[in-house]
Amino acid sequence: MASKSLVVLSACIIIGSAVPVEKLPVLKSQPAEVLFRESQPTVLECIIEGQEEGVKYTWTKDGKDFKWTEHNAAQRTNEGSLVFLSPQPSDEGHYQCFAQTAAGVASSRVISFKRTYLVAEPAKTHEKTPVEGKPFQLDCVIPNAYPKPEIFWKKSLSGADPNADSANLGRRVTAGPDGNLYFTTVEKEDVSDIYKYVCVAKSPAHDGEVRLVEYIIKEVTKDTSGYKGELVPQYLSKDIVAKVGSVTMIYCMYGGKPQGFPDYFKDGKDVNGDAGGRITRHNRTSGKRLLIKETLLEDQGTYTCEESNGVGKPVKHSLKVTVVSAPKYVKSPEKVIIAKQGQDVTIPCQVTGLPAPKVTWTHNAQPLSGGKTTVTESGLIIKGLQKGDKGYYGCRSTNEHGDEYVETLVQVN
């Protein structure tokens, strides 16, 4: 029988180890992005889990050594975590933490440290006098912000408690992804001296809501154009690139009277769906939006909405949905592998993504190349494990839509 065997050892398997797995020094996982508000204290975490003394922590920023003592920052006691006391735009960058332990040098994923902001002028109130019975829209410019804010509309009673505001605007009224509010038709019941239509933004840059613009519909005028209620386009989604796992919304918004109700097709197949389904037009928009709650690769295709209200000609709109995927692990890799000297060991790191991710490996924070290691689609194989092979093995996978990083501590008995 051969003296070597190929084994993949789970973190729960311990072969002759005197140290419990949960006490071995591994870095706590970090997020891919940390946001900060200018001048508000913010923490970049770097913590060794397990029982380990004398850990030496260092950081890089944008690939260069970062000396926190030369910046307005502090390091938490017994941790590598950085506390930016009053972060400024100049502190933005890509940070990586390194922890030197008795087992080797552990490294974090690269963390994007970005300022969150939203630039908006004080909200102004505008009075509108639309034409009765015709499609209509109220404009709301999405402000310069990071990340992109959530925009929504509500109906607000002048002088009343903001908590009494209503987000129920009625079946004829729908907010578009461009920030604007669309009326299938505007009617006399929309007129009010005391109610305002208010466009609001939510952002991690602010506590609470930020009012962007307010409108009062003072009155409606009679139509003299001869419009009969035929369907006219208001907001129609263009081609979409959607990420696996994300929410995708396809808008098919036509104005007209009576109000139509779109039917949706994917590659010619009905995808209207049922209320509560993963794909459904039943999502409180009177069918004006097809909702894909969790996008899958199979959702790629050509989508068409068709609508008729019995006045004028039926309408149709088509667009393409292209589905992409950031790197994702097929199975969560182990944080710790403990193996005997002389064994062949596989460190699992199987990744999917579209386009196919590029996978790179490090050993104790240094690029790994050739030698006794072999990279496969399922992970990294170490031939004839020796004491010098112990340490932290990092697997980083990247494509244009994201990146993932996982690190495995290999202990040799």
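Positions of Cβ are set from backbone N, Cα and C atoms, glycine also.
The signal peptide annotation in Swiss-Prot covers 1-18.
Residues or ranges marked as domain 'Ig-like C2-type 1' in Swiss-Prot: 25-112. Across the range of the domain 'Ig-like C2-type 1' (25-112), the DSSP-based residue counts are 6 helix, 41 strand, 41 coil.
A C-beta separation below 8 Å, combined with a sequence spacing of at least six in one chain, links Cys46 (disulfide bond) to Leu27, Lys28, Gln30, Tyr57, Trp59, Glu79, Gly80, Ser81, Leu82, Cys97, Ala99, Ser108. Swiss-Prot lists Cys46-Cys97 (among others) with the feature disulfide bond, giving similarity to another entry as the kind of evidence.
Per Swiss-Prot, the feature domain 'Ig-like C2-type 2' maps to 122-211; the stated evidence is sequence analysis. Across the domain 'Ig-like C2-type 2' (122-211), DSSP helix (H, G, I), strand (E, B) and coil residues number 6 helix, 38 strand, 46 coil.
Marked as disulfide bond by Swiss-Prot: Cys140-Cys199 (among others). Cys140 (disulfide bond): 24 other CB atoms within 10 A of its CB, across all protein chains.
Looking just at the domain 'Ig-like C2-type 3' (233-322), the mean pLDDT is 97. Taken from Swiss-Prot, the feature domain 'Ig-like C2-type 3' covers 233-322.
Other Cβ atoms within 10 Å of the Cβ of Cys252 (disulfide bond), summed over all protein chains shown, number 28. The disulfide bond feature in Swiss-Prot is assigned to Cys252-Cys305 (among others).
Annotation comment: Swiss-Prot describes 327-413 as domain 'Ig-like C2-type 4', evidence class sequence analysis. Taken through DSSP, the domain 'Ig-like C2-type 4' (327-413) splits into 3 helix, 52 strand, 32 coil.
Feature annotation from Swiss-Prot assigns disulfide bond to Cys349-Cys395 (among others); the stated evidence is similarity to another entry. Using a 10 Å Cβ-Cβ cutoff, Cys349 (disulfide bond) registers 26 neighbours.
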Considering the domain 'Ig-like C2-type 1' (25-112), which listed stretch of 122-211, 233-322, 327-413 counts the most C-beta pairs under 8 Å: 327-413
Alpha-carbon distance [Cys140 (disulfide bond); Cys252 (disulfide bond)] in Å: 19
Cα separation, Cys395 (disulfide bond) to Cys305 (disulfide bond) (Å, whole number): 43
Cβ-Cβ neighbours of Cys97 (disulfide bond) (radius 10 Å): 25
Rounded Cα-Cα span from Cys140 (disulfide bond) to Cys395 (disulfide bond), Å: 44
